[in-house]
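*Asks:* As listed in TrEMBL for this protein:
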type	residues	note
ACT_SITE	K81	active site, proton donor/acceptor
BINDING	G183, T184, G185, S186, V187, G188	NAD(+) binding site
Amino acid sequence: MTAFWTEPDYDDHELVELVRDPKSGLTAIIAVHSSHLGPGAGGTRFWHYAEPERAMRDALRLSRGMSYKNAMAGLPMGGGKAVILADEKGTKTPEMLTAFADAVEALGGRYVTAEDVGISEADMARVAERTQYVSGLPVEGEDAAGGDPGPFTAMGIYHGIKAAVRHKLGKDSLEGVHVAIQGTGSVGGGVARLLAKDGAKLTLADIDAARAEALARELGGDAVASDAIMGVSCDVFSPNALGAILDDEGIARLDCKIVAGGANNQLARAAHGPVLAQRGILYAPDYVINAGGIISVTLEYLARTDGQPCDVNDVRERIALIPDRLETIWQESDRTGQSPDQVADRMAQDLIGR
Ligand code: NAD
């Protein structure tokens, strides 16, 4: 058996905790990468891992990604992430969520949780019954920030795609710009709706084919099989499903000028960033473009700990800064010849003192 700290993805994480609760059947991993800028903040993923060691890999990689994401978004939070290992059927019970919440509470604020893939607002509301270190809770009223971070993530990606189109294609409008979207869930579906309003041409895919087809019908786009989306000839490929899709094979299949989407850890390995750049494809580093959700949940969390409501306009204003951050990265990349992901990593590492 390999010790997790010898894994290539272990990056001097400050905390890696295995949570087991035989009574409820919960198995989870909570990882805090860095608390240099504040408590480790990042969502909980609920996923069935055919190979359990991939769950550890996800926890390590995703929590480091959160350190970088929070730092680059200018938030006073460190990086953390939790994964709950689901069984094949994806059984999720209230008892499991309660046991998970107790583990978060026992960390005394070192880790602050929220939604990620497979976890809903209602799940977070249950977690909040047992711990105060939680965000992304249901809110009422249009002006109240918080709740499901998906729409805020989508908003940031929409702004980021516009910035990438301006930088790479020299266009100020998305009218007729062809965007191929992988994954039409909370984030990808939201991105598609915002792009459709601006007249973008959409090609959509999801492993749940009916989901992509329904959205394509609603928005007037096309749907293709999920294994065909990466090869679609388009202006922008927007990955909004799971990570590590940009490997040798995936990059070779791309027929686009820009990769800009919300999935975490899109690059299979660090070496794939320069490979994309060599192919002349502009990359929007994932943790910079997809920060909208964490901006929302963090402002919600900080406001609640201060006993204040959180204004959605504050969230929107911060999300509107994402394009400027991307532009700074791309300009630095053009100047230095380093790929955008390398530039972003260096900026983030400077911010978290690594
Ligand atoms: P979601 O579960 O709502 O949607 C994901 C969608 O992707 C689902 O419809 C699923 O069927 C589809 N999918 C899975 N594998 C696929 C494949 N191989 N090809 C095509 N479609 C596939 O999740 P989400 O909240 O939309 O998150 C999507 C991605 O964005 C994840 O990588 C997540 O970590 C990342 N992310 C989400 C947020 C957020 O606020 N929700 C924030 C930052 C990053």
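From the backbone N, Cα and C atoms, a Cβ is placed for every residue, glycine too.
Automatic, uncurated: that is what TrEMBL annotation is.
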*Asks:* For G185 (NAD(+) binding site), what residues in its own chain, 6 or more apart in sequence, show a Cβ-Cβ distance under 8 Å?
*Replies:* V117, G150, D206, R211, N240, A241
*Asks:* Go through T184, S186, the listed binding-site residues, and name the one with the sparsest Cβ surroundings, counting other Cβ atoms within 10 Å.
*Replies:* S186
*Asks:* Near K81 (active site, proton donor/acceptor), which residues of its chain come within a Cβ-Cβ distance under 8 Å, counting only those 6 or more away in sequence?
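*Replies:* Non-local contacts for K81 (active site, proton donor/acceptor): I30, A31, G42, G43, T44, R45, D58, A59, L62, S63, G65, M66, D116.
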*Asks:* If one looks at the chain holding V187 (NAD(+) binding site), which residues at least 6 apart in sequence have a CB under 8 angstroms from its CB?
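*Replies:* Once residues fewer than 6 apart are set aside, V187 (NAD(+) binding site) is near G150, T153, A154, I157, N240, G262, N290, G293.
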*Asks:* May I ask you to report the DSSP-based helix, strand or coil state of G185 (NAD(+) binding site)?
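*Replies:* Once the DSSP labels are grouped into three classes, G185 (NAD(+) binding site) ends up as coil.
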*Asks:* Using the CB centroid of G183, T184, G185, S186, V187, G188 as the NAD(+) site centre, which other residues of the same chain sit with their CB within 8 A?
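*Replies:* Once G183, T184, G185, S186, V187, G188 are set aside, the remaining close residues are G150, I181, G189, G190, V191, D206, N240, A241, G262.
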*Asks:* Counting only residues 6+ away in sequence within the same chain, which have a CB under 8 Å from the CB of G188 (NAD(+) binding site)?
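*Replies:* Looking at Cβ-Cβ distances below 8 Å from G188 (NAD(+) binding site), excluding near sequence neighbours, one finds A154, I181, Q182, L204, D206, S238, N240, A241, G261, G262.
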